[in-house]
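Let me begin by presenting the structure, written as structure tokens, before commenting on it.
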Amino acid sequence: MRAPTIAIIGSGPSGCYIAQALRREWQDAEITLIERLPVPYGLVRYGVAPDHPGTKAVTRQFERMFERENIQFLGNVHVGSELPLADLRAAYDIVVVATGLYGDRKLGVPGDGLNHIYGAGQITRFLNDHPDEEGFSPSFGTRPIIVGNGNVAIDVLRLLVKKGQEFHGSDLSHEALAHLASSPIEHIDVVGRSAAAFAKFDTVMIKELAKLAHVQFEFNDELGLESIDDPLARAKVEALLALTQSGGESGAIKRSVTFHFGWTPVRVAGVDHVAGLVLQDTQNPGRQHSIPATSIITAIGFEERPGLDLCRADLSRAGADLSNGFLDDGLYCTGWFRRGPTGTIPDNRADARHVAEHIVKAVTTGALALGKPGYGAIANAINRPTVCYEDWTRIDMAELKNAPVDRARRKFRNKVAMLGAAQSHPAGEHNK
């Protein structure tokens, strides 16, 4: 049996993990990772907080994959509006969508369309110098509210309250830092509908906040430690309570944070822009209170962004089985695109292996016929410069070389600069 030709749309963790899984099964398969940006790694590069280099280090195993396992990278190619999915499916035996979920979920309450409401995903992309956010300039004001009790909410909180020297060794650009430093933030409220013991953030994230001596933390209600029996929940609440002991001398306090556990937003106050947030007690809906605000950052999950070329509902035929990543004959999906915005980067590896098993089964049982030509059939249809893995290494080296002494790298902030560093191939020409 000949090996299949495989195209994977998206080069973030989900795309890279399923490329690895399929390569283990078929050593001779043509596998192409297609990315709309000139650079790979998606969520790791642009969705992980810039001050968490340890999490971003997962790219090293993806580098080894490209360098040793004959996986092709095809960057700066937008599947959909520029390269129709139908053409890709006609060229490859197997197409896997691994594009994740790009949109920030809205509050879904009156007033959630007012100015100065931002999604945590967009804020994180902005601070990571994502080219899509070029020109975006969030205005936080003196009193932003963060809505959400997961790790993303704590990431945003930490990034907003850290001081400049605390970003040493990160890849936060000096431009992004200047924006943060110029924000007149005095106080941040963090609102979540769950009780503290059931909040979704990891305890280690709270312990990281305790290292910020210039921030004062407080809670709007008692956390109820004495009534908690579960060891993990108890450890989480103990870490929160320890925050109140972590601040420095009163004169050193520059910013303050109040956590509001067990409260649900019901309305955004304001006329043209945010003026406050009305909250309702999750356990007692008749109890409400309001918090003044100059901006709101939502960290309540992700969803498909309206207007995208690749939407799961549009790609699923009548017999689609998302439990196995099956969308249509020869068309599969993995990661957040398959299961929704849940799970971490390691969870995406398990997800990729699961979907890969079902792809292999479809081929070995004869349910999926092979014989399509692969990249050669679409090369001439790509009417823009493409970026191969060797080109990406030039971008990578330039970013590392251009890094200030206190930063891990200096990212290019737009596609033109990336392509200039890549010395891209002419349209349609592509090598590993």
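Using the three backbone atoms N, Cα and C, a Cβ is placed for every residue, glycine included.
Residues annotated as domain 'FAD/NAD(P)-binding' in TrEMBL: 5-166.
Under the heading FAD binding site, TrEMBL lists S14, E35, L43, V79, W336, G343, T344, I345. Residue environment of G343 (FAD binding site) contains 14 other Cβ atoms, counted within 10 Å of its Cβ in all protein chains.
Positions annotated as NADP(+) binding site by TrEMBL: N149, G150, N151, V152, G343. In the three-state DSSP scheme, V152 (NADP(+) binding site) is classed as helix.
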Other CB atoms within 10 A, centred on N149 (NADP(+) binding site)
25
Provide the three-state secondary structure of E35 (FAD binding site) computed with DSSP.
strand
Checking your reading of the structure: which of the binding-site residues E35, T344, I345 lie inside a 10 Å Cα sphere centred on G150 (NADP(+) binding site)?
none
Please classify the secondary structure at G343 (FAD binding site) using three-state DSSP.
coil
Of all the binding-site residues given, L43, V79, I345, which has the fewest Cβ neighbours within 10 Å once its own Cβ is left out?
I345
Rounded to the nearest angstrom, how far is the Cα of W336 (FAD binding site) from the Cα of N149 (NADP(+) binding site)?
20
